[in-house]
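Per TrEMBL, these features apply:
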type: TRANSMEM; residues: A:12-36; note: transmembrane segment
type: TRANSMEM; residues: A:56-81; note: transmembrane segment
type: TRANSMEM; residues: A:93-116; note: transmembrane segment
type: TRANSMEM; residues: A:128-151; note: transmembrane segment
type: TRANSMEM; residues: A:183-205; note: transmembrane segment
type: TRANSMEM; residues: A:217-235; note: transmembrane segment
type: TRANSMEM; residues: A:320-344; note: transmembrane segment
type: TRANSMEM; residues: A:356-376; note: transmembrane segment
type: TRANSMEM; residues: A:406-425; note: transmembrane segment
Amino acid sequence: MLMTDLLYARAQMGLSLAFHIVFAAAGVALPVLMVLSDWKGRRTGDADYQKLSQKLAKGTAILFAVGAVSGTVLSFELGLLWPEFMGQYGEVIGLPFSLEGVAFFTEAIFLGIYLYGRERVSPGMHMFSGVMVAVSGAASAFFVTLVNTFMNHPSGFTPSASGPVDVQPLVAMFSPGWQYQTAHVLLSCYQASAFAMAGIHAFVLLRHPGAAFHRKALSVALPLACVTALLQPVVGDLSAKHVAKAQPVKLAAMEGQFETERGAPLRLGGLPNVETGEVPYAVDIPKGLSILAFADPDAEVKGLNAFPRDEWPPVAKVHVAFQVMVGTGSAMALLALVTLGWRWRKKAWPHGRKMMWAWLLSGPLGVVAMEAGWLVTEWGRQPWIVRGVMRTAEAVTPVPHLAAPFWTFTAVYLFLGVTVVTLLVRQVAGTLPTRDGGLMGGEAHVD
Amino acid sequence: MSTDAILGFAVAGTFVLYALFGGADFGGGVWDLLASGPRKAEQRALIARAIGPVWEVNHIWLIVGLVLLFAGFPRAFAVLSVALHVPLTLLMLGIVFRGAAFTFRAYDTRGDAVQRKWGLVFSGASVIAPVLLGMCVGAVVSGTIRVEGRVVVSGFFASWLAPFSWAVGALALSLFAFLAAAYLTHEAPEPTLREDFRRRAMGAGVAVFLAALAVLLLAREGAPRVWEGLLGSPFAVALHAGTAVAAVASFALLWTRRFQWVRVAAAVQAGLIVLGWAASQYPYLVVPDVTLQGAAASPGVQRWLLVALGVGTAVVVPSLVLLFRVFRPAPLPGAGSKV
């Protein structure tokens with residue numbers, strides 16, 4: 001396929017966001033886990049929880065730093081790749097972006113105090129800083145998701161030939177569906193991070209079943225992982241119901257629904273074919289979609305054919321990404337149910353081999369679901385950058401040769417990703433039972 | 001004062017703060033690269049300790065400035081993103097490598113060779129980024145970025161690769177190095193290290209003077225508006241006079257080793273230089289085709305941005321004060337204890 005500059009611009013933006021999202025999610029969720037173990041350590045006087053908190057603080061420092069620089073890149077890329085979008089709609093979405101900036105500022109300040117100030121501030125102040133990091137991390141994710149909600153369902157302005165007029169920033173900031181999308185995104189941050197952390201400690205416990213430190217670490221990650229995994233399907237369902245009403249073409253692509261019909265089936269899997277208008281290899285659940293989307297087995301679901309062909313998103317990609325998100329989400333919810341059942345019966349978190357294997361294999365699923373869900377919303381909005389008013393192709397920069405920055409940033413992010421993983425692996429390796437104790441001296445002070 | 005002027009002032013203010021904090025941070029990287037003499041390791045350790053807790057915070061000023069620019073003056077942001085696409089992309093690479101390498105150096109404890117490699121990436125990027133930043137500023141004031149309607153018609157290279165822009169790049173680099181050295185004289189825990197940075201501050205101060213002279217001489221050809229604006233208004237004259245006084249004061253204080261005042265004078269000097277830049281191009285955002293008023297968002301948006309600015313100030317300023325109080329430099333025995 002011939003790559004046009006538009007495709008390169010989209011690929012670069014997509015790559016930057018896909019990369020940044022992982023670090024941003026960790027920046028939202030790891031502080032919570034870090035503060036929880038810090039708090040547990042203080043309450044129980046158990047040195048393992050203190051050590052865990054310090055390890056998590058190091059992880060947060062590394063991930064936050066990469067998140068901060070990749071976030072800086074994104075704030076430039078908004079203009080470098082989509083100058084027309086920013087030139088026209090920058091003022092409409094400036095308010096949530098500004099507030100995100102404030103939250104990010106606060107997060108960085110208190111992270112500095114938390115990481116480097118352990119010996120310089122009182123224990124209460126230290127704990128307060130940790131809480132502030134967690135709160136402002138969540139706030140910045142909240143505000144930036146509001147921008148995405150606006151792009152999906154723009155409101156608070158009147159479009160005109162020269163751009164938006166009668167701009168109402170508050171209305172734009174809380175565009176329809178904001179409550180579902182922000183809840184969905186915030187939960188996904190906590191869920192992805194908690195599953196990844198549980199996976200790491202399950203991995204160690206499979207090799208060193210007696211490692212007390214890692215059992216305790218698991219006991220910090222599992223509650224958050226289980227609760228978010230069970231809440232997420234509920235929130236996701238609310239979000240999908242909203243999409244069904246507000247963005248019917250996106251829902252049609254997600255579900256591979258070509259014809260408008262009453263009592264539409266739910267298609268699991270399959271690969272939509274836009275030429276034939278069929279979804280081969282899918283398993284149909286009769287009336288499933290009508291029930292899920294509109295709570296009525298005979299509700300009418302609009303099909304793609306009800307919309308002009310040049311307003312279709314890439315159907316196959318959206319459908320497959322959606323299936324991946326729902327599939328991984330269901331698997332995680334199931335594992336959470338089993339784990340909580342075990343916890344309820346045995347009064348302890350599971351640590352048997354089978355369960356550890358299950359948690360190890362589910363470790364990456366949270367991140368996979370998060371990326372897939374993000375792809376659903378972004379691909380699902382195409383060909384629009386601001387749905388219904390500005391096409392992505394109208395927003396792109398006139399600068400030529402966009403292949404060059406795309407490949408450069410691909411290489412840079414690959415390199416950064418590999419380095420971060422290596423560094424984190426070494427952090428975990430430092431806690432393995434055989435080498436325990438000797439490596440922890442002098443690490444109370446992160447430097 | 002109209003809301004667009006207040007917002008314009010806020011953008012200039014964030015750039016002043018970015019220069020004072022983020023700039024000094026870049027300068028720290030420059031001195032990491034140029035560390036030399038018997039106390040090489042101690043110099044690097046002092047820089048790492050001074051930057052460590054605050055570097056992420058210091059660079060958020062840039063993001064704040066960007067957000068205020070695209071929210072308050074969206075058209076200017078669009079024009080700059082197109083005209084300066086190439087140097088801004090390179091600047092981004094510099095920022096990514098600098099921040100990542102600084103953090104990796106702190107946490108990648110496989111030994112000296114690896115740390116030196118990360119250190120080189122960190123310090124190399126610290127030199128390149130300020131030059132690019134200065135070149136972008138040079139392009140903006142030079143009047144060579146031309147816009148017709150909404151379209152940038154002056155190409156993607158000429159404006160920032162002109163001699164004048166290079167001179168501004170050199171000025172930015174030497175100014176940031178000067179700031180960092182001046183701050184470090186105050187942060188240094190022992191006299192010999194303090195002397196190291198005193199000498200560096202004086203050297204960098206001379207470089208600032210020479211670069212400023214070059215900017216001035218090239219401005220006549222390369223940035224006529226700046227040249228005329230230098231003596232254009234009483235306000236501009238007062239600003240430049242203030243800069244000169246601060247520069248002389250920084251030198252005198254360095255000479256007489258009054259280090260706690262050196263950093264104040266250096267900060268005033270740098271702040272006035274950045275304000276001088278802003279004043280010399282007022283009322284333009286991109287000389288000569290985009291004005292503050294012409295690029296401004298609608299008044300309703302501007303009012304909400306001012307509210308956000310107020311909220312931000314109320315939240316961020318006390319937190320920042322706390323941060324800098326916690327990490328106030330205290331004379332510590334043995335500077336080399338850090339990685």
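Each Cβ is built from the backbone N, Cα and C atoms, and glycine gets one as well.
When each of A:56-81, A:93-116, A:183-205, A:356-376, A:406-425 is scored by its Cβ pairs under 8 Å to the transmembrane segment (A:12-36), the top-ranked stretch turns out to be A:56-81.
Looking at which of A:183-205, A:217-235, A:406-425 has the most CB pairs under 8 Å to the transmembrane segment (A:56-81), the answer is the stretch A:406-425. Listed by sequence, the residues of this chain that lie at least six past the ends of the transmembrane segment (A:128-151) yet keep a Cβ under 8 A from its Cβ atoms are 24-25, 27-29, 31-32, 34-35, 38, 60, 92-93, 96-97, 99-100, 103-104, 106-107, 110-111, 113-114, 117, 121, 172-178, 181-182, 185-186, 189, 377, 381, 384-387.
Here the transmembrane segment (A:406-425) has Cβ contacts under 8 Å with residues 8-9, 11-12, 15-16, 19, 59, 62-63, 66, 70, 73 of the same chain, all six or more residues outside its ends. Comparing A:93-116, A:217-235, A:356-376 for CB pairs under 8 angstroms to the transmembrane segment (A:183-205), the maximum falls on A:356-376. Residues 27, 31, 57, 60-61, 64, 68, 71, 125-126, 129-130, 132-133, 136-137, 139-140, 142-144, 146-147, 150, 169-170, 172-173, 445-447 of the same chain, all 6+ positions outside the transmembrane segment (A:93-116), place their C-beta atoms under 8 angstroms from a C-beta of that stretch.
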